[in-house]
Amino acid sequence: MMTQWPSPAKLNLFLYITGQRADGYHTLQTLFQFVDYGDTISIEPRQDGEIHLLTPVDDVASEDNLIVRAARLLVQAAANSGRLPEHYGADIGVEKRLPMGGGLGGGSSNAATVLVALNHLWGCGFSQDELATLGLTLGADVPVFVRGHAAFAEGVGEILTPVDPPEKWYLIAHPGVSIPTPVIFNDPELPRNTPVRSIETLLKCEFGNDCEVIARKRFRKVDAALSWLLEYAPSRLTGTGSCVFAEFDTESAARQVLEQAPEWLHGFVARGMNTSPLQQTILAQTEFR
């Protein structure tokens, strides 16, 4: 039987770069929150040990796709620990709604959903901590999606502290460009020395994103999108872009602004969620097993 699993988007409500390690990775402080909008992963268990991706992505080999990599990672970890069932395998499809290179965490969210869903469907019995550790090998943002709760992240994004920021309404806009993360992080003008602050201090300050100045300088459409949004509400870049978002207290206020969006700017309205749709789904599945 085909099962459906949410793969939600995330926003970085703030993002500050606090340094750069000897290995090149940047240290940061960021606040992750989920929204009630994203991709949908479809999974039908198989009995023959095969992993099939039903919806390949253009220009990405199936074996390089994060969905397939996540499934194979779980197979290997389960086999190594004696938790792999005798009959396993899966047909996996994805209905994409999140843009690639948009800063919404689409690929990381897909990987996390596959780890969580297959662990449940195959009965592997990995804990959330174990799945998060596996997920970190796929990408720095995967653990927060596995854990499924809004979080303050430090280090290179792997040190997570659960938090509960206000669940506002957001107008999230895609300016029609894709920004590879290295383009931003390799820019020599990227701020890399923002002072480390406590979460208590950060929550009292106006939120910002150190990557925004670079994205606006290098991508004209990102600059134009933010300039337009800032006329209506507090707005900023999410992640390294390219998506930008504005925050509102009500859904109707967000939708009124979306209706006025220029033709070249595509967007949607979503509610902030401190417990992700994936976490809600797995809790419901566990409760009614």
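Glycine too: its Cβ is placed from the backbone N, Cα and C atoms.
Feature list (source: Swiss-Prot):
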{"type": "ACT_SITE", "residues": "Lys10", "note": "active site"}
{"type": "BINDING", "residues": "Pro99, Met100, Gly101, Gly102, Gly103, Leu104, Gly105, Gly106, Gly107, Ser108, Ser109", "note": "ATP binding site"}
{"type": "ACT_SITE", "residues": "Asp141", "note": "active site"}
| request: Please report how many Å separate the Cα atom of Gly105 (ATP binding site) from that of Lys10 (active site), as a whole number. | output: 6
| field | Sparsest Cβ surroundings (other CB atoms within 10 Å) among the binding-site residues Gly101, Gly103, Gly105, Gly107 | value | Gly101
| said: Using the CB centroid of Pro99, Met100, Gly101, Gly102, Gly103, Leu104, Gly105, Gly106, Gly107, Ser108, Ser109 as the ATP site centre, which other residues of the same chain sit with their CB within 8 A? | reply: Ala9, Leu98, Gly239
| note | As a whole number of Å, the Cα atom of Gly107 (ATP binding site) is distant from the Cα atom of Asp141 (active site) by 9
| request: Compute the C-alpha separation of Ser109 (ATP binding site) from Asp141 (active site), stating it in Å without decimals. | output: 8
| message | Long-range neighbours only, meaning 6 or more apart in sequence with Cβ under 8 Å: which ones does Lys10 (active site) have? | response | Phe32, Gln33, Phe34, Val35, Leu104, Gly105, Ser109, Asp141, Val144, Phe145, Thr238
| Where does Pro99 (ATP binding site) sit by DSSP, helix, strand or coil? | coil
| Chain-internal residues, separated by at least six, CB under 8 A from Pro99 (ATP binding site) | Gly106, His174, Ser178, Ser242, Cys243
| note | Across Ser109, Asp141, listed as recorded positions, the smallest other-CB tally within 10 A is for Asp141
